[in-house]
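**Q** So that we are looking at the same thing, I have put the structure below in structure tokens.
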Amino acid sequence: MDHFLYRDGNLFAEDVPLAEIAAEVGTPFYCYSAATLLRHFRLFEEALAGLPHLVCFAVKSNSNQAVLRLLGQAGAGMDVVSGGEYARAKAAGVPGDRIVFSGVGKTRAEMRAALEGGIRQFNVESEPEMEALSEVAVSLGVTAPIAVRVNPDVDAKTHAKIATGKSENKFGIPISRAAAVYARAAALPGLEVVGIDVHIGSQLTDLEPFRQAYRKVAELTGTLRAQGHDIRRLDLGGGLGIPYARSNEAPPLPLDYGAMIREELGHLDCEIEIEPGRLISGNAGIMVSGVIYVKAGEDRSFLILDAAMNDLVRPSMYDAHHDIVPLVEPAPAADQARYDVVGPVCETGDTFARGRDLPPCAPGDLVAFRSAGAYGAVMSSEYNTRPLIPEVLVQGGDWAVIRPRPGLDEIIARDRVPGWLSAASGEDA
Ligand SMILES: *Cc1c(COP(=O)(O)O)cnc(C)c1O
């Protein structure tokens with residue numbers, strides 16, 4: 001459930017008509033609902049109630065300061081995958097002891113920053129990383145709490161680009177080597193083993209792959225404890241999928257996910273960490289875009305929008321589906337027209353949807369892409385020198401721009417022309 005609903009024929013974000021925001025900030029823009037973000041976070045809290053746990057929001061899905069502050073104030077921890085995300089989480093006021101540092105290629109500089117700023121745990125992914133982290137910690141006179149990310153070799157049955165738990169993926173260490181790797185970790189002076197970490201992929205629409213992975217983690221917990229390791233935390237990753245096509249998808253609910261965790265791992269007396277991103281932020285955001293032209297082609301019509309693949313890359317990168325709805329509610333039996341929905345970028349890949357049925361559109365009409373709150377703004381770029389689009393946060397009847405649209409001067413001024421070019425520019429003839 002989200003808080004983007006029609007009222008009196010107009011699409012609202014909570015208590016604010018989206019057309020009002022569009023009139024003030026211009027299109028395209030992202031809009032997030034605070035109530036939806038909090039609702040989704042609390043679903044996980046409820047799902048794990050009774051188990052010691054920490055829900056760490058995956059910052060990479062939506063890293064806006066306002067979003068992090070909102071969730072952080074509600075008690076969320078954060079899962080970060082770079083020094084930049086770590087800095088964002090800290091800047092949003094999240095204490096270090098609620099920040100988990102994941103990622104396959106942490107640099108020594110990133111490790112140092114996190115150790116100095118405070119960190120709950122590093123999820124380490126290889127032996128060379130373990131050794132580097134130990135050295136950095138020793139050089140600072142501290143010990144780094146770690147979980148080792150194990151790769152359980154299960155098929156997450158999701159898009160190949162976001163499946164991470166098969167042995168051919170770059171992530172984690174093979175679970176079959178875990179005992180040896182934990183022995184190595186325990187022997188390193190700068191590390192303290194606190195748990196086990198696993199994350200098998202994103203947008204999973206079935207609990208079964210999670211269950212298989214968690215069963216292997218439960219077994220490994222017993223093995224490692226028998227070898228003397230103090231396994232007290234299990235980080236189970238993120239990845240629970242969301243319904244992108246409202247009409248025909250029903251992925252598992254957080255409550256069922258929590259029940260499964262209890263079944264598989266509840267007896268182990270461990271603190272449970274989970275790292276959901278998409279399920280918290282995905283359906284808490286939409287992207288609003290305006291129609292520039294409607295172009296009748298030979299065998300199809302194109303709806304040319306002012307948003308493009310640089311603003312929302314998921315359709316061209318992952319063949320992802322986003323429901324697209326008009327801001328003005330269509331009458332129940334309204335006519336439908338069939339469109340290829342595209343942006344202005346000079347690539348055929350800049351296509352949001354093919355053969356999509358929508359009420360007939362005209363230039364100036366506004367549409368919303370649903371489920372755009374995760375992996376939307378964070379993956380956007382300024383390709384074609386299209387400024388990053390603004391982000392807006394709504395809370396009840398209030399709304400605020402939480403990232404303004406940069407001006408073209410600002411974008412151009414980021415470049416630096418070397419002296420030996422500017423001296424000669426245009427005046428040498
Ligand atoms: C991407 C990622 C997540 C979040 O995945 P979602 O599908 O957004 O829930 C969590 N943990 C790790 C290690 C990740 O790489």
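For all residues, glycine too, the Cβ spot is worked out from N, Cα and C.
For reference, TrEMBL lists these features for the protein:
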- C346: active site, proton donor (ACT_SITE)
- G239, E275, P276, G277, R278, Y375: pyridoxal 5'-phosphate binding site (BINDING)
- R278, R314, Y318, E347, Y375: substrate binding site (BINDING)
- 29-373: domain 'Orn/DAP/Arg decarboxylase 2 C-terminal' (DOMAIN)
- 36-281: domain 'Orn/DAP/Arg decarboxylase 2 N-terminal' (DOMAIN)
- K60: N6-(pyridoxal phosphate)lysine (MOD_RES)
**Q** Determine which residues of this chain, when G239, E275, P276, G277, R278, Y375 are set aside, have a Cβ within 8 Å of the centroid of the pyridoxal 5'-phosphate site's Cβ atoms, and list them as they appear in the sequence.
**A** A58, S61, S202, G238, L240, L279, I280, S281, G282, A374
**Q** Just to be sure I understand the packing, how many Cβ atoms besides its own are within 10 Å of the Cβ of P276 (pyridoxal 5'-phosphate binding site)?
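**A** Step by step: centre on the Cβ of P276 (pyridoxal 5'-phosphate binding site), count other Cβ atoms within 10 Å, giving 29.
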**Q** Filter the recorded positions G239, P276, C346, Y375 down to those with CB closer than 6 A to an atom of ligand 1; keep them in sequence order.
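**A** Among G239, P276, C346, Y375, near ligand 1: G239, P276.
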**Q** Which ones are near R314 (substrate binding site): of the binding-site residues P276, R278, Y375, which have a Cα within 10 Å?
**A** Y375
**Q** Average the per-residue pLDDT over the domain 'Orn/DAP/Arg decarboxylase 2 C-terminal' (29-373) and send me the rounded value.
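**A** Reported value for the domain 'Orn/DAP/Arg decarboxylase 2 C-terminal' (29-373) is a mean pLDDT of 96.
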**Q** Which is it, of K60, R278, R314: the one of these recorded positions whose Cβ has the most other Cβ atoms within 10 Å?
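**A** The residue with the densest Cβ neighbourhood is R278.
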**Q** Cα-Cα, whole number of Å: G239 (pyridoxal 5'-phosphate binding site) versus K60 (N6-(pyridoxal phosphate)lysine)?
**A** 12
**Q** Using P276 (pyridoxal 5'-phosphate binding site) as the reference point, find which of the recorded positions K60, Y318, C346 has the shortest Cα-to-Cα distance to it.
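**A** Among K60, Y318, C346, K60.
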**Q** Of the recorded positions K60, Y318, C346, E347, which sits closest to G277 (pyridoxal 5'-phosphate binding site) by Cα distance?
**A** K60
**Q** Which one is closest to Y375 (pyridoxal 5'-phosphate binding site) in space, judged by CA to CA distance, out of the recorded positions K60, Y318, C346, E347?
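**A** That would be K60, nearest by Cα distance.
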**Q** E347 (substrate binding site): which of the recorded positions K60, E275, R278 have a C-alpha within 10 angstroms of it?
**A** none
**Q** Around Y375 (pyridoxal 5'-phosphate binding site), how many other CB atoms lie within 10 A of its CB?
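**A** I count 26 other Cβ atoms within 10 Å of it.
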**Q** Have a look around E275 (pyridoxal 5'-phosphate binding site) and count the other CB atoms within 10 A of its CB, chains all included.
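**A** Other Cβ atoms found within 10 Å: 27.
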